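The following features are taken from Swiss-Prot:
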DISULFID  34-60  disulfide bond
DISULFID  43-64  disulfide bond
DISULFID  47-59  disulfide bond
DISULFID  53-68  disulfide bond
DOMAIN    27-72  domain 'WAP'
SIGNAL    1-24  signal peptide
C-alpha cells in the first residue's frame, strides 16, 4: 500500500473513531453532578462463625465484612 493510501486509511479511521461516541449519545445528560463515592469501611473480619460471637449474636456477612449482630426473627 502506498504512503498516500496509508494516510487516507489512517485519516478515515481517526474520523470513524471520533464519530462513534457522538452517534451513541441518544439522550442529553441529566442536570447535576454525581456525589462523591461513598466511603466504605475496610474489609473487617470480626468473626468466623456464629460461635465466635458473644451470647445470642450471629456472625453476619456484608460483602467482605463479617461482624457480630443481634439476630432478627421473622414469623
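Every residue number used here counts from 1 along the chain in the order it is shown.
Just so you know, glycine gets a Cβ as well, placed from its N, Cα and C.
Note that this is a predicted model, so its numbers are computed, not measured.
Positions of the features from Swiss-Prot, shown on the structure.
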residue	record	Cβ neighbours (10 Å)
34	disulfide bond	5
43	disulfide bond	9
47	disulfide bond	19
53	disulfide bond	20
59	disulfide bond	17
60	disulfide bond	16
64	disulfide bond	11
68	disulfide bond	15
* What is the number of residues in the domain 'WAP' (27-72) that are helix, strand and coil, as DSSP sees it? -> 3 helix, 11 strand, 32 coil
* Inter-residue Cα distance where the pair is residue 53 (disulfide bond) and residue 34 (disulfide bond), in Å -> 39
* Asked: Between the disulfide-bonded residues 43, 47, 53, 68, which lies closest to residue 60 (disulfide bond), Cα to Cα?
  -> 68
* To do: Determine the mean pLDDT over the domain 'WAP' (27-72), rounding to the nearest whole number.
  => 85
* Asked: Could you give the Cα-Cα distance between residue 47 (disulfide bond) and residue 53 (disulfide bond), in whole Å?
  -> 6
* Asked: Between residue 59 (disulfide bond) and residue 43 (disulfide bond), how far is it from one CA atom to the other, in Å?
  -> 14
* To do: Would you kindly give the Cα-Cα distance separating residue 43 (disulfide bond) and residue 68 (disulfide bond), rounded to the nearest Å?
  => 14
